[in-house]
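Novice: Annotations for this protein, taken from TrEMBL, read as follows:
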ACT_SITE  A:S537  active site, phosphoserine intermediate
BINDING   A:G463, A:L464, A:P465, A:G466, A:S467, A:G468, A:K469, A:S470  ATP binding site
DOMAIN    A:16-227  domain 'Tr-type G'
Amino acid sequence: MGDNIVTESFSETHRAAATPIVIVGHVDHGKSSLIGRLLYDTDSLQDGKLAQIVESSRKRGLAVEWSFLLDSLQIERDQGVTVDSTRIPFRLGSRDFVIVDAPGHRQFLRNMITGAADAEAAVLVVDAKEGAQEQTRRHAMLLRLIGIRHVIVLLNKSDLLEFDEAKIVRVESDVRQLLGRLEIEVEAVVPASARDGDNIASRSERALWYKGPTLVEALANVPPPASRAALPFRMPVQDVYRFDGVRYVAGRIERGTVRAGDRLAIGAQGQVATVVEVCRWHAPELPVAGAGESIALRLEPDLVPDRGDLLFPADDKAAAPERSARIRTRLFWLRGEPLRVGESFTLRLATAEHDVTVASIDAVVDLEDLTLREGDSVPPDGFAEITLAASHAVLFDPFSPGFGDGRGVLVDRYQRIVGGAPLIGPAELADGEHAIHPTASRVPAARQVQTRGHRSGVFWLTGLPGSGKSTVARAAELALSEQAINATVLDGDTLRAGLCSDLGFSPEDRHENIRRAAHVAKILAESGQVVIVALVSPLEADRTQARQIVGGNFHEVFVDTPLETCEKRDPKGLYAAARSGKIPEFTGVSAPYEAPVSPELRLAADRPEQEAINTLTAFILRLVQP
Amino acid sequence: MTQTPILSRDQATTTSLAQPRIMDDLDQLEAQSIFILREAYRKLKPLSLLWSLGKDSNVMVWLARKAFMGHVPFPVMHVDTEKKFPEMYAFRDEYTKKWNLDLLLGYCPPVEEIDPSLPPAARSAARKTAGLAAMIDKHRFRGVIAGIRRDEQATRAKERVFSPRGAGHRWDVRNQPPEFWDQYATPYEDGMHIRVHPLLSWREIDIWRYIEREGIPLVDLYFAKDGKRYRSLGDQDITNPVESTASTVAEVIAELETSRTSERAGRAMDHESEDVFERLRVAGYL
Ligand SMILES: Nc1nc2c(ncn2[C@@H]2O[C@H](COP(=O)(O)OP(=O)(O)OP(=O)(O)O)[C@@H](O)[C@H]2O)c(=O)[nH]1
Ligand SMILES: [Mg+2]
């Protein structure tokens, strides 16, 4: 076969993969409507589909609701809001696209990311009348973090501004400024109406002043994905098989090419092996494979790499990945509770998994003006730059838009994906900083529950001295043991006799006492234990800190015995001593007690003690029994 | 239909140092599906693949053989409604042997035992859900590979590649986990399993072009006889053939290039009410 023939038949039969385009923007700015309209105007709907939409709209008392083409779930149609993203194939001329409809409501951000993460380009839909809103900014930030390189802005509902040039140009400049701050280049800003079809597939008659592309023209201009073939070779090992006596190292090539005869380094250990064969089943035999292919390699010597080991060129230092146990990352945070320093996760990086701890939160994004601020926590659905510390060196390539490199994902102990962490690079240690690399338990939470027979939790009893915290806590501990629940009591006086014997009763020392108790409680709870803390803990601020240290498993219980009763009981004679001035800074007498505003449980003093014990026991049982 | 091995495919080999092939759309879909199947095999044990004997599940078995060098290293399940076409049973027996498959058979309860509030065709389809659920419970599968595609049906368009099923096999469609950068959900609770969807991004025409390219065998019902053929194969009583003269894979592809009707147009249950598909799927239907 001559070269010419090959090339010719290649271009004739070659169909490129579909280009994914995601439609994002604030809730109700018209994303789903836009896609519905786009499909209709480009004649992409199957027969009968329009009739179904008309019928579903009529049933709900609506005129044709284009969004119903995407919003297929009952809840979506009834509430008029997109909950989950949808992907639909779409053809323009000879080019295939996949259009992804993403939800705009903040509550469904995880679904927006699910839809957007592999897109080649994005259409940011902005209501021309409302302008950029909170989710416009959040989505724009995400586009940048997940590395979408081509952004088209669609100023939707321009019909509501009668396509007035002056008004539209003003919104346009706002949006351009916003995206400029994120260093996102805008391909086009299209004034349009999804409802009426202006500038979607055909040029608007109402905006003759507008000379830019229609949406369809802008989409057609999106360049195909960049080639990853010329970069140094990377293949994360996905699995190792042995079939018919042959060992296969299986994986998908992230970038570069591999040939029989290549010498590859394997993972952080850096053992070297030579590729004997590039294996495929029922495919043309080729001694070479390129980026994107799922293949299997035979190696010599016949080593058995681990899943997650990165394969890369052995003899070229310049082609080696980064190696560091401390990594700076950008973060988009998807958990319902804030992220704090010291939390541990599994960092998934392609097929590798590494235990990591958040060593520092270096900057938090202020969503109002998209600037970086100092902060000690990352709010739900927030963005930040953080440093992760692993217990060993991690091999990685820094994140780069459009490539598979450095796409870290954080997973918690419940196996939930809680954040995306594009890796920026190795983190330098500041002068004088002592590098700590904490490790976290690898026991899955579910197994812990299984072996223990119950969940864990921290029950924090606060109340005046003599209010009965220790008595109630110890009695509940006993009652729980009868139900085969392992509980530990961290009692104020007991702690002060040992762990905290260096502490006094100044506000600083009380604060430190609580901090230590909270950390011990956290460690115990993470090992599956039920923990009952009985500490005066008089200040709201200190209890809040304890809650933050412990995390989601913290339950505040107020032992609400009034001062007079405590003082009357005075089992240890402390009130008497305090009144006579023998004990300084005694809570309730000479130091303040701030009662909790909304404790999860309140144990009232006007009831018999046994009732308080029963109430607490039942409360704990309810929360820890599976 | 017999399988025809590929002899050569376009290779842009021009220099002495061999260059990788430039991947086309089918190559990319294939590579992604192989990646998904390998993830499932590694992460979900025990695992099985639902083999309905239709075109999509044959492609899936084929892709599994691609992923595992000619082997299918987990059982394939056929949940038999006992209402399939006779041709399908013959096909099953032939290819179980030829492909060396570890076949598990499951059966479906009688329709009387199924939720009577469902419309008739949907109620019949729900039998399959019950049969499937019994199989999953019996073998305690943590992963079940199924050949659904996004372009088939609007609620399937909302699916994840790894889709968790909680207690009672329910699909919590309002609360699906995030899935991005090829990181998939893993089971986090006892008694749950993951539905794995390696064909989610394939379109009907991609399936047919791949069948043609690879020479994947199919039951003859897909090809026109007396002006009719089946575009989708469900149970005999709830699937209708469509008008067609396409009697070869190439003719089917040519027909689909211009078709404007949906693949499931011949499936009765899809037309019974607006929410029926969602209800079935939430309860565990494919
Ligand atoms: N006047 C006018 N109304 C529009 C236009 N496009 C959409 N709408 C209306 O705006 C409302 C919201 O539209 P959707 O398409 O559901 O919005 P969305 O952005 O998909 O919303 P979420 O997915 O929930 O974030 C609907 O009532 C539409 O009819 C437009 O161009 N002009
Ligand atoms: Mg929407």
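The chain as shown is numbered from 1 upward.
The backbone N, Cα and C atoms fix where each Cβ goes, glycine too.
Since this is a predicted model, take the numbers as computed values, not measurements.
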Novice: So for A:P465 (ATP binding site), how many other CB atoms are inside 10 Å of its CB?
Specialist: 25
Novice: Please name which of the binding-site residues listed here, A:G463, A:G468, A:S470, is nearest in space to A:S537 (active site, phosphoserine intermediate), Cα against Cα.
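Specialist: Among A:G463, A:G468, A:S470, A:G463.
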Novice: Around A:S467 (ATP binding site), how many other C-beta atoms are within 10 angstroms of its C-beta?
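Specialist: I get 26 for this one.
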Novice: A:S470 (ATP binding site) has how many other Cβ neighbours within 10 Å of its own Cβ?
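Specialist: There are 20 such Cβ atoms around A:S470 (ATP binding site).
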Novice: Hey, for the ATP site built from A:G463, A:L464, A:P465, A:G466, A:S467, A:G468, A:K469, A:S470, who else sits with CB inside 8 A of the CB center?
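Specialist: Residues close to the ATP site, other than A:G463, A:L464, A:P465, A:G466, A:S467, A:G468, A:K469, A:S470: A:A534, A:V536, A:V559, A:T561, A:C566.
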Novice: What is the one among the binding-site residues A:G463, A:G466, A:G468 whose Cβ has the most other Cβ atoms less than or equal to 10 Å away?
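Specialist: By the 10 Å Cβ neighbour count, A:G463 comes out on top.
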Novice: Which residues does A:L464 (ATP binding site) neighbour through Cβ under 8 Å, counting only same-chain ones at least six apart?
Specialist: A:V536, A:T561, A:L563, A:C566, A:T587, A:G588, A:Y593
Novice: Provide the three-state secondary structure of A:K469 (ATP binding site) computed with DSSP.
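Specialist: Its secondary structure by DSSP: helix.
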